[in-house]
Each structure stands twice: as structure tokens, then as C-alpha cells.
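Feature list (source: Swiss-Prot):
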type	residues	note
BINDING	D487, D493	Mg(2+) binding site
DOMAIN	554-613	domain 'KH'
DOMAIN	623-691	domain 'S1 motif'
Amino acid sequence: MFNVHSVEIEWAGRPLKLETGKIARQADGAVLASYGETVVLATVVSAKSPKPGQDFFPLTVNYQEKTYAAGKIPGGYFKREGRPSEKETLVSRLIDRPIRPLFPEGYKNDTQVVVTVIQHDLENDPDVLSMVAASAALTLSGVPFMGPVGGARVGYINGEYVLNPHLDEMDESVLDLVVAGTQDAVLMVESEAKELNEDVMLGAVMFGHRGFQPVIDAIIKLAEVAAKEPREFEPEDHSALEAEMLSIAEAELRDAYKITQKADRYTAVDAVKAKVKAHFFPEGAEPKYTNEVIGAVFKHLQAKIVRWNILDTKSRIDGRDLETVRAIVSEVGILPRTHGSALFTRGETQAIVVATLGTGEDEQYVDSLTGMYKERFLLHYNFPPYSVGETGRMGSPGRREIGHGKLAWRAIRPMLPSPEQFPYTLRVVSEITESNGSSSMATVCGTSLALMDAGVPLAKPVAGIAMGLILEGERFAVLSDILGDEDHLGDMDFKVAGTEAGITSLQMDIKIAGITEEIMKVALAQAQNGRKHILGEMANAITEGRSQLGEFAPRIEVMTIPVDKIREVIGSGGKVIREIVEKTGAKINIEDDGTIKIASASGKEIEAARKWIHSIVAEPEIGVVYEGTVVKTADFGAFVNFFGSRDGLVHISQLAVDRVAKTQDVVKEGDKVWVKLMGFDERGKVRLSMKVVDQATGKEIVGDKKAEGDAAAE
């Protein structure tokens with residue numbers, strides 16, 4: 001019934017198995033992949049023909065995690081998986097980026113890749129395995145795909161590169177880098193690092209590239225016995241059309257791309273495009289080409305002309321040379337009622353970034369396959385259509401917004417203070433108000449500024465820069481701080497973020513073979529210069545976290561109590577802690593280890609709550625004077641409530657220096673009095689004295705030896 005083929009290799013100390021022919025046989029390609037005991041199913045389906053009028057390649061990648069894979073039942077009312085989680089969205093993008101460039105130009109058939117995690121061993125992250133499985137499924141499917149692609153994770157532990165570290169090993173690693181590519185070229189890099197230099201980062205990329213070669217060999221071996229017949233696909237040859245269009249439009253298009261202002265340049269390009277269309281769609285005649293073909297060839301021609309201009313003249317669309325970064329303006333404190341804010345403008349790219357400080361209650365609970373955890377740093381990136389002068393959909397964030405936000409998050413996170421040093425939950429929102437290239441890196445810069453404005457003690461400021469690279473034969477040009485128009489015409493786009501000392505995040509997308517390690521080294525060195533220049537410009541606004549929090553930010557005080565006292569602070573059914581919160585107005589968060597965080601915008605509220613908790617858990621000290629309230633009087637003395645909920649007896653002989661005939665002559669119920677703790681009797685009862693304390697000032701009476709002696713004798 002089944003025609004099963006499989007291949008198995010040992011990879012980084014664990015078995016990797018790829019199997020096809022048993023599951024999902026109606027898909028064009030399906031591979032069941034396992035690594036260790038983590039298992040994913042990857043499927044590929046591609047339509048037999050493109051939709052009429054389709055002018056782009058509709059590739060969709062869906063990565064999904066099933067909770068049963070880790071022996072869990074989903075939370076929530078419906079108890080089933082719902083909308084994609086942040087990780088599912090990010091891994092979908094991670095798979096998409098290296099495979100998309102390997103489909104032939106002109107292939108426009110609707111194509112869907114679905115990768116499902118069906119078992120998780122809690123040791124091997126399924127993201128890299130999913131990339132491998134998707135690549136294998138595409139290679140077997142018969143769909144035109146110039147793969148296969150391999151992928152690997154690289155850690156850096158104790159100065160050594162580690163291939164595919166286990167999840168628990170990642171806690172020790174100062175690098176989390178995922179790299180994907182073919183036998184000949186690196187195609188994609190995604191990473192987070194703790195201030196590593198360019199050589200270490202590039203070394204990790206090349207180490208990973210070498211590390212996944214056995215995987216590519218295994219996919220090829222499987223394809224030799226299990227691949228379907230390749231589909232016939234002959235890309236349309238538009239070279240004659242392009243040559244004709246070039247003769248009509250080259251001069252005017254070159255002139256248009258000398259205009260430095262974006263809006264004026266677009267107007268000029270549109271005029272050239274209109275002229276081209278008028279030529280190929282004459283009135284009264286049957287057009288030779290479709291509107292989609294003319295548009296695609298014109299777009300290709302635009303890219304060619306810009307590339308030629310840059311390589312020939314070393315001058316960019318906006319008049320800059322290859323290394324110059326656009327003019328930068330950094331401002332902080334632009335929204336004084338927020339906790340921290342910044343406006344970062346670089347050329348025609350601009351971001352308003354706002355930081356908000358919260359308490360432990362504001363941490364985000366993340367329910368992942370590996371277990372529930374709390375996230376104290378949140379970064380949300382918004383890209384409204386007006387930022388590029390367009391209308392469009394507004395609503396929940398798309399994949400791009402989630403991906404850009406996570407890139408900036410990775411760049412900033414290594415520089416954040418520890419929870420012990422700064423016990424706040426941090427939320428940053430980046431509103432892109434203008435965009436002409438690299439809004440994600442503007443978010444990195446703006447986030448660094450806004451956090452410092454909020455008083456967050458970042459280890460160092462962080463800046464980011466987007467780079468491009470153009471390669472034609474032996475000639476290449478590296479572009480610093482690329483424009484939106486330069487974003488798609490390059491052969492390598494990469495974004496680097498970090499401090500003066502090193503890189504905290506690196507993202508690369510390489511579209512062609514031939515970009516060598518040496519070329520990447522040159523590109524990273526140029527990016528380092530650009531990053532340091534941007535950091536210098538940011539320093540004009542702020543260089544470190546403010547010493548004081550903003551006026552409207554909450555204050556948090558941390559105290560620690562014995563674990564066995566937690567129940568007393570919480571009280572039966574939470575009665576005590578609720579009363580403290582209601583009476584003081586402070587927010588209180590109690591951890592299992594006895595750490596208590598008290599938060600409020602008012603210092604008085606924090607102090608009141610702290611004293612209350614202290615009075616519950618602390619023991620009164622002999623010889624210390626306390627303020628108390630008389631709660632009951634008797635013939636033999638008065639009972640005084642002091643030190644929170646403690647009660648003690650002031651014997652009638654200790655009420656005053658002079659002899660007292662009747663307790664009520666000195667105190668009445670409800671009176672505020674000062675008492676000194678003299679000790680405990682043989683039954684452990686508290687002994688208090690009023691006569692050794694000045695009741696007007698609350699200070700102990702010094703030098704009254706008789707009073708002291710009398711008190712001690714009682």
C-alpha cells in the first residue's frame with residue numbers, strides 16, 4: 001500500500017531522518033522529518049497553472065505547532081489551536097526567506113508549504129528541522145525549485161562554535177544564529193548575539209554553512225529515489241521586449257533616478273512608464289503584450305538601470321556615495337506625560353517610539369510547547385499605510401510587522417538590565433510615521449533612545465543600519481543605509497544592529513550565488529562604520545539611562561521575606577494582601593522565592609505597603625521603641641497593639657514614672673502611645689513599658705536610671 005523511502009544520517013550527535021511515501025500522499029510533496037525525537041510533517045502543493053492576470057509569485061508558508069506534540073491540551077475556552085502564535089509567524093518567515101529566491105523568475109503558480117510540528121522532545125527546537133523538511137518536500141514535489149536548501153543553528157559557548165545546540169545549552173550561549181543556504185551559497189541568516197565582533201559572526205555563518213552540507217546530501221539522496229518528475233516550466237523570454245523598451249526609456253529613466261526627492265522621482269518614473277505603455281499599447285491596434293508583462297519588464301529595467309548607475313558612478317539614487325548615511329535627527333522626551341519617548345528621523349524614514357514601564361502584573365504569559373514562561377520585554381512595531389503615502393488596511397499586525405518588531409527586540413534585549421537591577425516590565429511601541437528604507441533599524445535606534453529617556457539603565461546604546469550589496473561579475477558595491485528603492489534591487493540585503501563594542505543582531509538575505517566570505521567581510525566592516533556613525537548622532541540626544549524615572553512612571557521597591565512567611569502576607573483566601581492593596585493603593589507582586597515587588601507612582605504608598613508587610617513578617621526587637629494603640633485596659637495595665645498585628649501588655653507599674661492607682665487615669669482605649677519592648681516573660685508574652693519613653697516625642701528617656709531599673713525589675 002505504501003511506497004516508503006527514507007534516508008537517515010547522524011547530524012551533530014543526533015539522528016536526522018527524512019521519510020516520504022506514507023503520509024500525505026495526495027500533496028505534491030510530503031516529508032516526515034525527525035531530529036532526536038522531535039518530528040515535523042512538511043507538505044507542498046502547487047497549482048498546475050497560474051491564475052489569469054497573476055503578476056507575482058503567490059507563495060505561502062504556514063508553520064504550525066500542535067500542543068499534542070508536547071503532551072498538552074490548549075488553554076482557553078475552546079481547547080483547540082487558534083490564530084498563529086508569534087513563534088509560528090516568525091518560523092513561517094524563517095522558512096519562506098531561503099526558499100523564495102530559489103523559484104524560477106516568472107513562476108506564478110499558487111504554492112503553499114505547510115509544516116506541522118507533531119512531536120516535540122523538548123530538546124531540539126523544531127524550527128531548523130522544519131526548514132530542512134520544507135526544503136526536502138519541495139525537492140521531491142516536482143515543482144520548479146532550484147534547491148535543496150539546508151539549515152542549521154549555531155551557538156557560541158566558551159569561545160567555541162556549537163552546531164545545533166540543545167535547548168538547555170542555549171542558556172549558556174552568547175549567540176543564537178540560524179543560517180540556511182544551498183551547497184554553494186548562504187541564503188539567509190537570523191541571529192541574536194551578546195556584543196560579538198564581525199569576525200565571530202561571520203565565522204558562525206560559515207561554520208553553519210559547512211555544518212548543514214550533510215543535510216543537503218541526504219535530501220539529494222532521497223530525491224534520487226523518490227522525487228516526482230519535474231513539471232514542465234519554461235520561463236518566458238522577454239529579452240527582445242526589454243531591449244526595445246531600453247531603447248525607448250533608458251535615457252529618461254536614468255535622468256529620473258538622478259532626482260533625489262522620493263516623491264518627485266516617483267512622478268518622473270511614472271511619466272516614463274506612461275510613455276512606455278503608450279508605445280506598446282497604441283490606440284486602435286491589437287497590443288502585442290499584456291499589461292502585466294509590460295509592468296514586469298519595466299520593473300526589471302528599473303532595477304538594471306539603478307544597478308548600472310551605482311556600479312558605474314559609485315553614486316546613489318539620492319546623490320549619496322556608497323558609504324554615507326542619511327542625515328539623522330534624534331530627539332527624546334517628545335511626549336512628556338509618557339514614561340519615555342523618542343523621535344528618530346533618518347532621511348525620509350522616521351519613527352515615534354514610546355516606552356512604558358510596568359510591574360510584574362504586566363508581564364506577558366507565553367504558552368509555548370516547552371512550557372509557560374513570562375516575558376518582561378515587549379516590543380511592538382506598527383507600519384501604517386500613511387508612512388509611505390498610501391491608503392491601506394489597518395488592524396492586527398501582519399507577518400512583516402511581527403518580524404520587524406522581533407528583529408528590533410533581538411537587537412535591544414542583550415543590553416537590558418537584569419530583573420534584579422531594574423524590576424520593571426518594559427513595553428516599547430514603534431510607530432513608523434515615514435518610511436523610505438529600513439524602518440526596522442530606525443525602530444532599534446528609537447527604542448534605545450526611548451528606553452534611556454525612561455530611565456532604563458541599558459548597558460550601552462544600540463543602533464542599527466540596513467545595508468545592500470550589488471554584484472555584477474567581478475564588480476561589487478556595498479551600500480550603507482539603503483533607501484526603499486534600493487531595498488529590492490540588491491543581491492544581498494542585510495541589517496546589523498549593535499553597540500560600539502559589537503553586534504547584537506544580524507539579519508541577512510542573499511539572493512544569488514557568488515557572494516564570497518571576503519565580500520561579506522567587506523560588507524560587515526562597512527556596516528560597522530555606519531553603525532558607529534549612527535551611535536554618534538544618537539549621542540547628541542542622550543547617552544545613558546536617566547538617573548531618575550519620569551514623573552508619571554511607577555516606582556517599584558523590592559523586598560525579600562522568608563518563604564515560610566508568604567502565607568501570612570497573603571492571608572486566608574488572599575484577605576491580607578487585598579487589604580494592603582486597598583488601603584495603601586500600591587500594586588504588590590509576590591514571587592514563590594519570597595521576592596516582593598511593591599509598585600506605585602507615589603512613594604508614600606510604597607512606603608506604607610512596605611511597612612505593613614514588614615510588620616507582618618518581621619519580629620519586634622528588644623530595646624526598640626514602637627508606636628502603638630491602646631486596644632484594651634484592665635486593672636493590672638493596658639494592652640497595646642504595636643508593630644502591625646502584635647499585642648503586648650504595659651503593666652500598670654510601667655504606665656508612668658509616678659505611681660498609678662488606676663489604668664484609666666493614664667490611658668484609654670484608642671490612645672496612641674509610645675512603648676519600649678522590654679522583653680518576654682517565661683510564657684513568651686511581650687513586656688512593654690511606657691514610662692521609659694517620652695510620650696510627647698517618642699524618644700527614650702535617657703539618664704532616668706530609677707525608671708530603667710524599675711522597668712527591668714518588673
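A Cβ is built for glycine as well, from the same backbone N, Cα and C atoms used for every other residue.
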Cβ-based isolation winner (fewest other Cβ atoms within 10 Å) among the binding-site residues D487, D493: D487
Secondary structure tally of the domain 'S1 motif' (623-691) (DSSP, helix then strand then coil): 6 helix, 35 strand, 28 coil
The domain 'KH' (554-613) - residue tally per DSSP class, helix then strand then coil: 32 helix, 16 strand, 12 coil
